[in-house]
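Listed in TrEMBL for this protein:
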type	residues	note
COMPBIAS	1-19	compositional bias 'Polar residues'
REGION	1-48	region 'Disordered'
BINDING	Thr99, Asp173, Glu198, Lys228, Asp232	substrate binding site
DOMAIN	233-394	domain 'S-adenosyl-L-homocysteine hydrolase NAD binding'
BINDING	Gly264, Glu265, Val266, Gly267, Lys268, Gly269, Glu285, Asn388	NAD(+) binding site
Amino acid sequence: VRVRTNQPQVELQNTDKQVSSAASYTDSSDDETSPRDKQQKNSKGNGDFCIKNIKQADFGRREIEIAEQEMPALMALRKRAQGEKPLAGAKVVGCTHITAQTAVLMETLSALGAQCRWAACNIYSTQNEVAAALAEGGFSVFAWKGESEDDFWWCIDRCVNVEGWQPNMILDDGGDLTHWIYKKYPNMFKKIKGIVEESVTGVHRLYQLSKAGKLCVPAMNVNDSVTKQKFDNLYCCRESILDGLKRTTDVMFGGKQVVVCGYGEVGKGCCAALKAMGSIVYVTEIDPICALQACMDGFRLVKLNEVIRQVDIVITCTGNKNVVVRENLDRMKNGCIVCNMGHSNTEIDVASLRTPELTWERVRSQVDHVIWPDGKRIVLLAEGRLLNLSCSTVPTFVLSITATTQALALIELYNAPEGRYKQDVYLLPKKMDEYVASLHLPTFDAHLTELTDEQAKYLGLNKNGPFKPNYYR
(Lines of atoms letter the chains of each structure in order from A and count residues from 1; the text may use other names and numbers.)
(Lines give C-alpha, C1' and ligand atoms only; values in the text may rest on other atoms or scores of the structure.)
Protein backbone atom coordinates (compact mmCIF):
# COMPACT_ATOMS: atom_id res chain seq x y z
CA VAL A 1 0.00 0.00 0.00
CA ARG A 2 1.47 3.36 -1.02
CA VAL A 3 0.77 6.19 1.40
CA ARG A 4 1.30 9.86 0.54
CA THR A 5 1.11 12.44 3.30
CA ASN A 6 1.44 16.14 2.61
CA GLN A 7 0.61 17.59 6.00
CA PRO A 8 2.30 20.80 7.11
CA GLN A 9 3.89 20.66 10.53
CA VAL A 10 2.27 23.31 12.69
CA GLU A 11 3.94 24.42 15.90
CA LEU A 12 1.55 25.60 18.60
CA GLN A 13 2.56 28.38 20.95
CA ASN A 14 1.15 27.58 24.37
CA THR A 15 1.50 29.56 27.56
CA ASP A 16 0.64 28.42 31.07
CA LYS A 17 -2.22 30.90 31.37
CA GLN A 18 -3.96 30.29 28.06
CA VAL A 19 -3.77 26.97 26.27
CA SER A 20 -4.90 26.63 22.68
CA SER A 21 -7.70 24.08 22.37
CA ALA A 22 -5.82 22.59 19.44
CA ALA A 23 -3.09 21.47 21.85
CA SER A 24 -5.44 18.97 23.39
CA TYR A 25 -6.91 17.65 20.18
CA THR A 26 -3.79 17.45 18.03
CA ASP A 27 -1.53 16.52 20.93
CA SER A 28 1.42 18.37 19.34
CA SER A 29 3.07 19.00 22.66
CA ASP A 30 6.83 19.61 22.75
CA ASP A 31 7.07 17.45 25.87
CA GLU A 32 7.12 13.81 24.81
CA THR A 33 7.88 12.49 28.32
CA SER A 34 5.34 9.89 29.37
CA PRO A 35 3.06 11.16 32.16
CA ARG A 36 4.04 8.01 34.07
CA ASP A 37 7.61 9.31 34.32
CA LYS A 38 6.67 12.72 35.76
CA GLN A 39 6.23 13.83 39.35
CA GLN A 40 2.97 15.79 39.31
CA LYS A 41 1.27 17.82 42.01
CA ASN A 42 -1.76 20.12 41.99
CA SER A 43 -1.78 23.55 43.66
CA LYS A 44 -2.69 21.94 47.02
CA GLY A 45 0.29 19.57 46.87
CA ASN A 46 -1.77 16.46 46.10
CA GLY A 47 -0.16 14.07 43.61
CA ASP A 48 -2.61 11.14 43.53
CA PHE A 49 -3.24 11.37 39.78
CA CYS A 50 -1.47 10.89 36.45
CA ILE A 51 -2.36 13.19 33.54
CA LYS A 52 -0.63 14.99 30.64
CA ASN A 53 -0.28 18.55 31.98
CA ILE A 54 -1.70 20.03 35.20
CA LYS A 55 -1.09 23.54 33.79
CA GLN A 56 -4.09 23.10 31.46
CA ALA A 57 -6.50 23.00 34.43
CA ASP A 58 -7.94 26.51 33.96
CA PHE A 59 -8.74 25.80 30.34
CA GLY A 60 -10.40 22.48 31.31
CA ARG A 61 -12.48 24.21 33.99
CA ARG A 62 -13.96 26.53 31.34
CA GLU A 63 -14.88 23.51 29.19
CA ILE A 64 -16.63 21.92 32.18
CA GLU A 65 -18.56 25.14 32.85
CA ILE A 66 -19.85 25.14 29.24
CA ALA A 67 -20.96 21.50 29.63
CA GLU A 68 -22.81 22.31 32.88
CA GLN A 69 -25.11 24.65 30.94
CA GLU A 70 -26.37 21.74 28.85
CA MET A 71 -26.62 19.17 31.67
CA PRO A 72 -29.59 20.46 33.69
CA ALA A 73 -30.60 17.19 35.32
CA LEU A 74 -27.19 16.64 36.93
CA MET A 75 -27.23 20.21 38.22
CA ALA A 76 -30.73 19.57 39.62
CA LEU A 77 -29.45 16.42 41.39
CA ARG A 78 -26.70 18.52 42.99
CA LYS A 79 -29.22 21.03 44.31
CA ARG A 80 -31.35 18.27 45.81
CA ALA A 81 -28.24 16.75 47.40
CA GLN A 82 -27.45 19.84 49.46
CA GLY A 83 -29.53 18.29 52.25
CA GLU A 84 -29.25 14.51 51.91
CA LYS A 85 -26.21 12.74 50.48
CA PRO A 86 -27.49 9.51 48.91
CA LEU A 87 -23.94 8.41 48.03
CA ALA A 88 -22.33 9.22 51.41
CA GLY A 89 -19.74 6.49 52.03
CA ALA A 90 -19.75 5.35 48.38
CA LYS A 91 -16.31 4.73 46.88
CA VAL A 92 -16.86 4.74 43.13
CA VAL A 93 -14.18 3.54 40.73
CA GLY A 94 -14.98 4.59 37.16
CA CYS A 95 -13.71 3.81 33.67
CA THR A 96 -15.38 5.96 30.98
CA HIS A 97 -14.50 8.54 28.31
CA ILE A 98 -12.91 11.45 30.21
CA THR A 99 -14.53 14.52 28.71
CA ALA A 100 -16.12 17.71 30.02
CA GLN A 101 -19.47 15.88 30.24
CA THR A 102 -17.96 13.06 32.34
CA ALA A 103 -16.40 15.70 34.60
CA VAL A 104 -19.88 17.13 35.30
CA LEU A 105 -21.03 13.60 36.25
CA MET A 106 -17.98 13.00 38.51
CA GLU A 107 -18.42 16.32 40.29
CA THR A 108 -22.13 15.52 40.75
CA LEU A 109 -21.29 12.12 42.29
CA SER A 110 -18.88 13.93 44.62
CA ALA A 111 -21.60 16.43 45.59
CA LEU A 112 -23.87 13.45 46.33
CA GLY A 113 -21.27 12.20 48.84
CA ALA A 114 -19.14 9.77 46.81
CA GLN A 115 -15.36 9.48 46.62
CA CYS A 116 -14.19 8.80 43.04
CA ARG A 117 -11.15 7.36 41.29
CA TRP A 118 -11.24 7.36 37.48
CA ALA A 119 -9.48 5.96 34.39
CA ALA A 120 -10.25 6.27 30.67
CA CYS A 121 -12.09 3.55 28.73
CA ASN A 122 -10.60 4.70 25.40
CA ILE A 123 -6.99 5.58 24.59
CA TYR A 124 -7.92 8.48 22.27
CA SER A 125 -11.00 10.15 23.77
CA THR A 126 -9.52 11.85 26.88
CA GLN A 127 -9.59 15.66 26.85
CA ASN A 128 -6.25 16.43 28.53
CA GLU A 129 -7.37 19.83 29.78
CA VAL A 130 -10.46 18.31 31.45
CA ALA A 131 -8.33 15.63 33.15
CA ALA A 132 -6.13 18.49 34.42
CA ALA A 133 -9.14 20.39 35.81
CA LEU A 134 -10.34 17.26 37.62
CA ALA A 135 -6.87 16.60 39.09
CA GLU A 136 -6.65 20.24 40.22
CA GLY A 137 -10.09 19.80 41.82
CA GLY A 138 -8.82 16.89 43.94
CA PHE A 139 -9.99 13.91 41.85
CA SER A 140 -7.71 10.90 41.40
CA VAL A 141 -7.68 10.71 37.59
CA PHE A 142 -5.35 8.48 35.57
CA ALA A 143 -5.74 9.26 31.87
CA TRP A 144 -4.28 11.12 28.91
CA LYS A 145 -4.95 11.24 25.18
CA GLY A 146 -2.86 8.75 23.20
CA GLU A 147 -2.14 6.14 25.89
CA SER A 148 -0.43 2.93 24.85
CA GLU A 149 -2.08 -0.41 25.57
CA ASP A 150 0.27 -0.84 28.54
CA ASP A 151 -0.59 2.68 29.82
CA PHE A 152 -4.29 1.87 29.54
CA TRP A 153 -4.12 -1.11 31.93
CA TRP A 154 -1.60 0.66 34.19
CA CYS A 155 -4.09 3.55 34.67
CA ILE A 156 -6.92 1.15 35.52
CA ASP A 157 -4.66 -0.64 38.00
CA ARG A 158 -3.66 2.65 39.68
CA CYS A 159 -7.37 3.40 40.21
CA VAL A 160 -8.09 0.08 41.85
CA ASN A 161 -4.88 -0.97 43.58
CA VAL A 162 -4.35 1.75 46.19
CA GLU A 163 -3.44 1.40 49.84
CA GLY A 164 -6.16 2.28 52.36
CA TRP A 165 -8.94 2.70 49.76
CA GLN A 166 -11.20 0.04 48.35
CA PRO A 167 -14.07 0.63 45.90
CA ASN A 168 -17.62 -0.41 46.78
CA MET A 169 -19.22 0.65 43.44
CA ILE A 170 -18.10 0.29 39.81
CA LEU A 171 -19.12 2.55 36.90
CA ASP A 172 -17.86 1.01 33.67
CA ASP A 173 -18.07 1.72 29.93
CA GLY A 174 -17.02 -1.33 27.94
CA GLY A 175 -16.36 -3.74 30.81
CA ASP A 176 -12.55 -3.42 30.96
CA LEU A 177 -12.47 -2.20 34.57
CA THR A 178 -14.81 -4.99 35.70
CA HIS A 179 -12.70 -7.51 33.76
CA TRP A 180 -9.46 -6.24 35.40
CA ILE A 181 -10.88 -6.55 38.93
CA TYR A 182 -12.13 -10.09 38.18
CA LYS A 183 -8.72 -11.02 36.80
CA LYS A 184 -6.42 -9.34 39.35
CA TYR A 185 -8.40 -8.57 42.52
CA PRO A 186 -11.41 -10.94 42.73
CA ASN A 187 -11.54 -10.55 46.54
CA MET A 188 -12.58 -6.91 46.07
CA PHE A 189 -16.05 -8.08 45.04
CA LYS A 190 -16.75 -8.95 48.70
CA LYS A 191 -17.01 -5.20 49.39
CA ILE A 192 -18.55 -4.09 46.05
CA LYS A 193 -22.32 -3.47 46.15
CA GLY A 194 -22.89 -3.21 42.42
CA ILE A 195 -21.75 -2.50 38.87
CA VAL A 196 -23.30 0.08 36.54
CA GLU A 197 -22.46 -0.60 32.87
CA GLU A 198 -23.10 1.84 30.05
CA SER A 199 -22.15 0.15 26.76
CA VAL A 200 -23.42 -2.60 24.45
CA THR A 201 -20.07 -4.43 24.72
CA GLY A 202 -19.86 -4.18 28.52
CA VAL A 203 -23.46 -5.33 28.99
CA HIS A 204 -22.79 -8.33 26.71
CA ARG A 205 -19.80 -9.28 28.90
CA LEU A 206 -21.93 -9.00 32.06
CA TYR A 207 -24.63 -11.29 30.62
CA GLN A 208 -21.91 -13.81 29.72
CA LEU A 209 -20.62 -13.73 33.32
CA SER A 210 -24.16 -14.10 34.64
CA LYS A 211 -24.89 -17.05 32.35
CA ALA A 212 -21.69 -18.75 33.50
CA GLY A 213 -22.66 -18.19 37.16
CA LYS A 214 -19.58 -15.97 37.70
CA LEU A 215 -21.27 -12.63 38.35
CA CYS A 216 -20.84 -12.15 42.09
CA VAL A 217 -22.56 -8.74 42.55
CA PRO A 218 -25.73 -7.14 41.11
CA ALA A 219 -25.24 -5.15 37.88
CA MET A 220 -27.37 -2.46 36.24
CA ASN A 221 -27.64 -2.44 32.44
CA VAL A 222 -27.95 1.30 31.73
CA ASN A 223 -27.41 0.86 27.97
CA ASP A 224 -30.87 -0.62 27.41
CA SER A 225 -32.82 1.87 29.50
CA VAL A 226 -35.33 3.78 27.35
CA THR A 227 -33.84 7.19 28.07
CA LYS A 228 -30.36 6.03 26.96
CA GLN A 229 -31.44 4.13 23.82
CA LYS A 230 -34.10 6.44 22.42
CA PHE A 231 -32.22 9.67 22.96
CA ASP A 232 -28.62 8.57 22.46
CA ASN A 233 -29.37 6.66 19.27
CA LEU A 234 -32.14 8.62 17.55
CA TYR A 235 -31.76 12.27 18.55
CA CYS A 236 -28.00 12.24 19.06
CA CYS A 237 -27.36 10.77 15.60
CA ARG A 238 -29.90 13.13 14.02
CA GLU A 239 -27.62 16.01 15.02
CA SER A 240 -24.14 14.48 14.93
CA ILE A 241 -24.35 12.92 11.42
CA LEU A 242 -24.41 16.39 9.83
CA ASP A 243 -21.72 17.66 12.21
CA GLY A 244 -19.33 14.79 11.43
CA LEU A 245 -19.78 15.08 7.66
CA LYS A 246 -19.43 18.89 7.64
CA ARG A 247 -16.28 18.95 9.81
CA THR A 248 -14.51 16.35 7.71
CA THR A 249 -15.61 17.18 4.13
CA ASP A 250 -17.37 20.61 4.12
CA VAL A 251 -20.01 18.90 1.97
CA MET A 252 -23.27 20.64 1.02
CA PHE A 253 -26.27 18.39 1.62
CA GLY A 254 -28.89 20.07 -0.59
CA GLY A 255 -29.64 17.88 -3.63
CA LYS A 256 -27.07 15.21 -2.72
CA GLN A 257 -28.09 11.57 -3.22
CA VAL A 258 -27.45 9.58 -0.05
CA VAL A 259 -27.97 5.91 0.80
CA VAL A 260 -28.40 5.03 4.49
CA CYS A 261 -27.91 1.33 5.25
CA GLY A 262 -30.21 0.36 8.14
CA TYR A 263 -33.35 2.05 9.49
CA GLY A 264 -33.10 1.35 13.22
CA GLU A 265 -32.96 4.26 15.70
CA VAL A 266 -29.59 5.45 14.33
CA GLY A 267 -30.70 5.19 10.69
CA LYS A 268 -33.96 7.01 11.46
CA GLY A 269 -32.02 9.90 13.01
CA CYS A 270 -29.57 10.14 10.09
CA CYS A 271 -32.34 10.01 7.45
CA ALA A 272 -34.43 12.67 9.20
CA ALA A 273 -31.47 15.09 9.34
CA LEU A 274 -30.43 14.55 5.72
CA LYS A 275 -34.00 14.86 4.40
CA ALA A 276 -34.43 18.15 6.30
CA MET A 277 -31.29 19.49 4.59
CA GLY A 278 -32.70 18.74 1.13
CA SER A 279 -30.86 15.50 0.38
CA ILE A 280 -32.44 12.72 -1.70
CA VAL A 281 -32.31 9.75 0.69
CA TYR A 282 -32.45 6.01 -0.11
CA VAL A 283 -32.65 3.32 2.59
CA THR A 284 -31.55 -0.33 2.64
CA GLU A 285 -33.05 -2.64 5.28
CA ILE A 286 -33.42 -6.37 6.05
CA ASP A 287 -36.30 -6.08 8.54
CA PRO A 288 -39.73 -5.70 6.88
CA ILE A 289 -41.10 -3.66 9.82
CA CYS A 290 -38.24 -1.12 9.75
CA ALA A 291 -38.47 -1.16 5.93
CA LEU A 292 -42.19 -0.29 6.07
CA GLN A 293 -41.41 2.55 8.51
CA ALA A 294 -38.86 3.93 6.03
CA CYS A 295 -41.47 3.85 3.25
CA MET A 296 -44.08 5.55 5.47
CA ASP A 297 -41.51 8.26 6.33
CA GLY A 298 -41.11 9.01 2.61
CA PHE A 299 -37.84 7.22 1.83
CA ARG A 300 -37.20 4.98 -1.17
CA LEU A 301 -36.34 1.41 -0.09
CA VAL A 302 -33.67 -0.11 -2.34
CA LYS A 303 -30.93 -2.71 -2.47
CA LEU A 304 -27.47 -1.18 -2.25
CA ASN A 305 -26.38 -2.36 -5.70
CA GLU A 306 -29.37 -0.56 -7.31
CA VAL A 307 -28.10 2.91 -6.34
CA ILE A 308 -24.38 2.45 -5.64
CA ARG A 309 -23.26 3.99 -8.98
CA GLN A 310 -25.26 7.23 -8.53
CA VAL A 311 -25.09 8.16 -4.83
CA ASP A 312 -22.81 10.89 -3.43
CA ILE A 313 -22.70 9.63 0.19
CA VAL A 314 -22.94 6.11 1.71
CA ILE A 315 -23.68 5.81 5.45
CA THR A 316 -23.83 2.49 7.34
CA CYS A 317 -26.03 2.21 10.48
CA THR A 318 -26.62 -1.53 10.93
CA GLY A 319 -24.22 -2.93 13.56
CA ASN A 320 -23.63 -5.77 11.06
CA LYS A 321 -20.47 -6.74 9.16
CA ASN A 322 -19.52 -6.39 5.48
CA VAL A 323 -22.50 -4.21 4.59
CA VAL A 324 -20.35 -2.27 2.08
CA VAL A 325 -17.85 -4.62 0.39
CA ARG A 326 -15.08 -4.16 -2.18
CA GLU A 327 -17.46 -4.86 -5.09
CA ASN A 328 -19.65 -1.91 -3.93
CA LEU A 329 -16.60 0.31 -3.42
CA ASP A 330 -15.32 -0.49 -6.94
CA ARG A 331 -18.64 0.65 -8.46
CA MET A 332 -18.93 3.96 -6.54
CA LYS A 333 -18.59 7.18 -8.50
CA ASN A 334 -15.61 9.51 -8.21
CA GLY A 335 -15.69 11.56 -5.00
CA CYS A 336 -18.26 9.40 -3.16
CA ILE A 337 -18.07 9.89 0.64
CA VAL A 338 -18.17 6.65 2.67
CA CYS A 339 -18.70 6.56 6.44
CA ASN A 340 -20.09 4.51 9.33
CA MET A 341 -22.50 5.53 12.10
CA GLY A 342 -22.99 1.99 13.47
CA HIS A 343 -21.51 0.62 16.69
CA SER A 344 -18.37 -1.14 15.42
CA ASN A 345 -15.94 -0.72 12.54
CA THR A 346 -16.97 -3.91 10.71
CA GLU A 347 -19.70 -2.48 8.46
CA ILE A 348 -17.40 -1.17 5.71
CA ASP A 349 -14.85 -3.74 4.50
CA VAL A 350 -11.87 -1.40 4.85
CA ALA A 351 -9.35 -4.28 4.80
CA SER A 352 -10.32 -4.98 1.17
CA LEU A 353 -9.03 -1.48 0.24
CA ARG A 354 -5.54 -2.11 1.60
CA THR A 355 -4.20 -3.67 -1.60
CA PRO A 356 -1.16 -2.69 -3.74
CA GLU A 357 -3.14 -1.26 -6.68
CA LEU A 358 -4.93 1.34 -4.53
CA THR A 359 -3.24 4.49 -3.19
CA TRP A 360 -4.21 5.89 0.22
CA GLU A 361 -3.75 9.62 0.61
CA ARG A 362 -4.27 11.32 3.99
CA VAL A 363 -6.20 14.56 3.44
CA ARG A 364 -6.62 15.68 7.03
CA SER A 365 -7.20 14.00 10.39
CA GLN A 366 -9.69 11.11 9.95
CA VAL A 367 -10.11 11.76 6.19
CA ASP A 368 -8.49 9.57 3.51
CA HIS A 369 -8.68 9.53 -0.27
CA VAL A 370 -8.55 5.98 -1.61
CA ILE A 371 -7.47 6.25 -5.28
CA TRP A 372 -8.06 3.62 -7.97
CA PRO A 373 -5.57 3.08 -10.87
CA ASP A 374 -7.85 5.01 -13.29
CA GLY A 375 -7.78 8.06 -10.98
CA LYS A 376 -11.21 7.51 -9.37
CA ARG A 377 -11.20 8.28 -5.67
CA ILE A 378 -13.54 7.81 -2.74
CA VAL A 379 -13.43 9.80 0.50
CA LEU A 380 -13.26 7.41 3.47
CA LEU A 381 -13.97 8.89 6.92
CA ALA A 382 -12.37 7.63 10.18
CA GLU A 383 -11.20 4.44 8.40
CA GLY A 384 -14.73 3.08 8.85
CA ARG A 385 -14.92 3.73 12.59
CA LEU A 386 -17.79 5.55 14.28
CA LEU A 387 -18.09 8.92 12.53
CA ASN A 388 -19.53 11.09 15.31
CA LEU A 389 -17.16 9.98 18.09
CA SER A 390 -14.10 9.92 15.79
CA CYS A 391 -14.63 13.12 13.81
CA SER A 392 -16.86 15.43 15.82
CA THR A 393 -18.54 15.49 19.22
CA VAL A 394 -21.77 14.18 20.68
CA PRO A 395 -24.36 16.77 21.86
CA THR A 396 -23.90 17.48 25.58
CA PHE A 397 -27.65 17.47 26.30
CA VAL A 398 -27.90 13.83 25.18
CA LEU A 399 -24.96 12.95 27.42
CA SER A 400 -26.80 14.66 30.28
CA ILE A 401 -29.61 12.13 29.88
CA THR A 402 -27.16 9.20 29.83
CA ALA A 403 -25.09 10.52 32.77
CA THR A 404 -28.20 11.15 34.91
CA THR A 405 -29.29 7.57 34.24
CA GLN A 406 -25.84 6.37 35.41
CA ALA A 407 -25.99 8.48 38.58
CA LEU A 408 -29.47 7.20 39.50
CA ALA A 409 -28.42 3.60 38.85
CA LEU A 410 -25.46 4.05 41.25
CA ILE A 411 -27.79 5.56 43.90
CA GLU A 412 -30.29 2.71 43.44
CA LEU A 413 -27.74 -0.10 43.77
CA TYR A 414 -25.82 1.59 46.59
CA ASN A 415 -28.91 2.17 48.75
CA ALA A 416 -30.84 -1.01 47.90
CA PRO A 417 -31.74 -3.11 50.94
CA GLU A 418 -30.05 -6.51 51.26
CA GLY A 419 -31.71 -9.02 48.93
CA ARG A 420 -33.53 -6.60 46.58
CA TYR A 421 -30.98 -7.30 43.84
CA LYS A 422 -29.47 -10.74 43.36
CA GLN A 423 -26.22 -11.54 41.53
CA ASP A 424 -27.71 -10.79 38.12
CA VAL A 425 -28.04 -8.07 35.44
CA TYR A 426 -30.99 -5.67 35.84
CA LEU A 427 -32.59 -2.95 33.75
CA LEU A 428 -33.13 0.44 35.36
CA PRO A 429 -36.68 0.53 36.78
CA LYS A 430 -39.15 2.32 34.46
CA LYS A 431 -39.95 4.80 37.26
CA MET A 432 -36.33 6.00 37.16
CA ASP A 433 -36.36 6.29 33.37
CA GLU A 434 -39.38 8.57 33.73
CA TYR A 435 -37.66 10.55 36.49
CA VAL A 436 -34.62 11.16 34.24
CA ALA A 437 -36.91 12.48 31.51
CA SER A 438 -38.83 14.70 33.97
CA LEU A 439 -35.58 16.32 35.19
CA HIS A 440 -34.89 17.51 31.62
CA LEU A 441 -38.35 18.99 30.93
CA PRO A 442 -37.85 22.35 32.75
CA THR A 443 -35.19 23.24 30.14
CA PHE A 444 -38.00 23.52 27.59
CA ASP A 445 -40.46 25.24 29.96
CA ALA A 446 -42.60 22.13 29.43
CA HIS A 447 -45.67 21.50 31.60
CA LEU A 448 -46.81 17.91 32.23
CA THR A 449 -50.51 17.13 32.48
CA GLU A 450 -51.53 15.30 35.67
CA LEU A 451 -54.10 12.50 35.77
CA THR A 452 -57.24 13.03 37.82
CA ASP A 453 -58.08 10.33 40.39
CA GLU A 454 -60.86 9.13 38.11
CA GLN A 455 -58.56 8.92 35.06
CA ALA A 456 -55.85 7.09 37.03
CA LYS A 457 -58.40 4.56 38.25
CA TYR A 458 -59.74 4.10 34.71
CA LEU A 459 -56.26 3.39 33.33
CA GLY A 460 -55.21 1.35 36.37
CA LEU A 461 -52.19 3.60 36.98
CA ASN A 462 -50.59 5.35 39.92
CA LYS A 463 -50.90 9.12 39.37
CA ASN A 464 -47.12 9.46 39.82
CA GLY A 465 -46.18 6.67 37.41
CA PRO A 466 -44.75 4.48 36.10
CA PHE A 467 -46.97 5.22 33.10
CA LYS A 468 -45.85 2.43 30.79
CA PRO A 469 -45.13 -1.28 31.31
CA ASN A 470 -41.49 -2.40 31.44
CA TYR A 471 -41.62 -3.95 27.97
CA TYR A 472 -42.77 -0.68 26.36
CA ARG A 473 -40.28 0.79 23.88
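Placement of Cβ uses the backbone N, Cα and C atoms for every residue, glycine included.
What TrEMBL says about a protein is an automatic prediction, not a curated fact.
Feature map: annotations from TrEMBL on the structure.
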residue: Thr99; record: substrate binding site; Cβ neighbours (10 Å): 22
residue: Asp173; record: substrate binding site; Cβ neighbours (10 Å): 24
residue: Lys228; record: substrate binding site; Cβ neighbours (10 Å): 22
residue: Asp232; record: substrate binding site; Cβ neighbours (10 Å): 23
residue: Glu265; record: NAD(+) binding site; Cβ neighbours (10 Å): 21
residue: Val266; record: NAD(+) binding site; Cβ neighbours (10 Å): 26
residue: Lys268; record: NAD(+) binding site; Cβ neighbours (10 Å): 24
residue: Gly269; record: NAD(+) binding site; Cβ neighbours (10 Å): 23
residue: Glu285; record: NAD(+) binding site; Cβ neighbours (10 Å): 23
residue: Asn388; record: NAD(+) binding site; Cβ neighbours (10 Å): 23
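When the binding-site residues Thr99, Asp173, Glu198, Lys228 are compared by Cα distance to Gly264 (NAD(+) binding site), the shortest distance belongs to Lys228. Taking every pair among Gly264, Glu265, Val266, Gly267, Lys268, Gly269, Glu285, Asn388, the residues recorded as binding NAD(+), the greatest CA to CA distance is 22 Å. Most buried of the binding-site residues Gly264, Gly267, judged by other Cβ atoms within 10 Å, is Gly267. Separating the Cα atoms of Glu198 (substrate binding site) and Gly267 (NAD(+) binding site) is a whole-number distance of 21 Å. Comparing Cα positions, Gly267 (NAD(+) binding site) lies closest to Asp232 out of the binding-site residues Thr99, Asp173, Lys228, Asp232. Neighbours of Glu198 (substrate binding site), defined as other CB atoms within 10 A of its CB across all chains, total 27. Val266 (NAD(+) binding site) is 13 Å away from Lys228 (substrate binding site) when you measure Cα to Cα. Spacing of Lys268 (NAD(+) binding site) relative to Asp173 (substrate binding site) is 25 Å (Cα to Cα, whole number). Summed and averaged per residue, pLDDT over the domain 'S-adenosyl-L-homocysteine hydrolase NAD binding' (233-394) gives 94. Closest in space to Asp173 (substrate binding site), of the binding-site residues given as Glu265, Val266, Gly269, Glu285, Asn388, is Asn388, taking the CA atom of each residue. Rounded to a whole value, the Cα-Cα separation of Thr99 (substrate binding site) and Val266 (NAD(+) binding site) is 23 Å. It is 12 Å from the Cα atom of Asn388 (NAD(+) binding site) to that of Asp232 (substrate binding site).
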